[in-house]
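*Asks:* Below: one structure in structure tokens.
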Amino acid sequence: MNSTDVTKGFTEQFGKQAEHTFFAPGRINLIGEHTDYNGGHVFPCAISLGTYAAVGTNEDNAFRLYSANFQRLALLTSIFGSFQDKRGLWTDYFQGMARVMKTAGANFTHGLNVYINGNLPDGAGLSSSASLEMLVGTILNSLFDGGFEPLELVQFGVKVENDYIGVNSGVMDQFAIEMGRANQATLLDTNTMKYEYLPVEMGDNVIVIMNTNKRRELADSKYNERRSECEKALAMLQKGIEVKSLGQLSEDEFDENTYLIYDPILIKRARHAVFENQRTLKASKALQDGDLKTFGKLVSASGVSLAFDYEVTGIELDTLVTNALKQRGVLGARMTGAGFGGCAIAIVNSADVEDFIDNVGKTYREKIGYDAHFYVADIADGAKQLN
């Protein structure tokens with residue numbers, strides 16, 4: 001899929017030529033899972049799969065939206081007044097961004113026809129919703145001279161998720177999608193929002209995305225429950241030590257103060273947040289140093305913690321990761337994203353990718369009963385206007 005596909009679709013849908021094209025990628029997180037709402041570090045990158053849009057103006061004072069993925073045409077009419085309440089549809093993400101940007105001072109002076117199509121598997125944990133949010137933010141900011149900085153668009157997207165969609169997500173997804181750079185990952189301190197770009201040099205290895213094809217509904221999953229558990233654990237720790245977030249603690253500091261947390265489940269949740277943050281720092285340094293063996297071990301250790309301390313995997317993800325680690329040429333593997341379905345990643349020697357996909361796919365099909373899908377990820381730039 002590319003911009004030509006959406007410009008052709010735009011003409012078929014609206015009967016005229018598109019004036020602009022845009023793209024927003026999906027994302028994978030190399031390591032640093034469920035740390036973004038705990039004041040820790042994350043290490044994501046944008047990928048070449050994503051969401052495209054072809055856009056043209058109209059004189060209807062309306063946003064006419066068509067999604068090729070859902071094969072639905074939608075009409076948002078109140079671009080000069082108040083928007084409708086959310087309806088549990090894909091249009092909520094467009095409308096949510098428009099509402100937040102309008103509140104922040106955006107001035108929508110005319111209508112738009114927007115044709116959207118993407119190649120991110122829906123519900124796969126590659127951030128299709130955040131990709132759509134950042135796509136919309138880029139479109140509206142560009143075509144209405146919004147003047148918003150990229151980090152402002154990131155915060156608008158988080159606000160849409162938290163206040164409009166109803167998901168207590170952190171900042172990582174929108175940040176990675178808006179701020180991504182080709183062939184680089186971003187080490188982001190979510191506590192301070194300081195970040196640095198680090199080259200992803202894998203040598204003879206590639207990143208293989210493994211899609212369980214089990215949909216995960218973020219708002220309906222236990223994502224919000226995990227965040228609440230971490231907040232409870234932090235509150236207990238704060239009764240005995242001065243700490244603002246779990247991400248501020250070292251492993252030793254956490255181990256010395258676990259007696260403050262009375263619930264063994266909460267200890268497990270907080271331990272993941274603390275230790276995952278430290279793993280992320282170690283992994284980013286290992287990648288900088290060209291120590292891919294250590295990097296792979298830390299990626300795999302993250303997966304173990306997500307399965308046993310944070311308990312966000314499940315039989316589908318566990319089957320993929322366990323069998324991935326048995327294959328020749330694999331440096332590391334783990335789930336990526338919020339969990340409860342969705343995707344995992346593996347770092348695989350390029351010479352072994354074909355056998356890897358055949359073997360892991362066969363075992364998955366035999367155990368789960370349906371196919372997993374595999375993609376070799378290219379690390380891409382963030383959201384942008386294409387023409």
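Using N, Cα and C of the backbone, Cβ positions are placed for all residues, glycine too.
Feature table excerpt (Swiss-Prot):
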ACT_SITE  D173  active site, proton acceptor
BINDING   E33, H34, T35, D36, Y223  substrate binding site
BINDING   S67, G123, A124, G125, L126, S127, S128, S129  ATP binding site
BINDING   S129, E161  Mg(2+) binding site
SITE      R27  site 'Transition state stabilizer'
*Asks:* What Cα-Cα separation, expressed in whole Å, is found between E161 (Mg(2+) binding site) and L126 (ATP binding site)?
*Replies:* 15
*Asks:* Name the one residue among R27, H34, T35, Y223 whose Cα is closest in three-dimensional space to that of A124 (ATP binding site); these are the recorded positions.
*Replies:* R27
*Asks:* Between D36 (substrate binding site) and R27 (site 'Transition state stabilizer'), how many Å separate their Cα atoms?
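*Replies:* Their Cα atoms are separated by 14 Å.
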*Asks:* Name them in sequence order: residues not among E33, H34, T35, D36, Y223 whose Cβ is within 8 Å of the mean position of the Cβ atoms defining the substrate site.
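*Replies:* Counting only non-site residues, the set is G32, Y37, N38, V42, G170, M172, R226, A273, E276, A338.
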*Asks:* Consider the recorded positions R27, E33, T35, D173, Y223 and say which one has the Cα lying nearest the Cα of L126 (ATP binding site).
*Replies:* R27
*Asks:* Could you give the Cα-Cα distance between G125 (ATP binding site) and H34 (substrate binding site), in whole Å?
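*Replies:* Computed Cα spacing between G125 (ATP binding site) and H34 (substrate binding site) is 13 Å.
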*Asks:* Could you measure between H34 (substrate binding site) and S67 (ATP binding site) for me? Cα positions, answer in whole angstrom.
*Replies:* 30
*Asks:* Would you mind reading off the Cα separation of S129 (ATP binding site) from T35 (substrate binding site), to the nearest angstrom?
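*Replies:* That separation, Cα to Cα, works out to 19 Å.
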*Asks:* Where does E33 (substrate binding site) sit in the DSSP three-state scheme?
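*Replies:* It is coil.
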*Asks:* Per DSSP, S67 (ATP binding site) is which: helix, strand or coil?
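*Replies:* S67 (ATP binding site) sits in a strand per DSSP.
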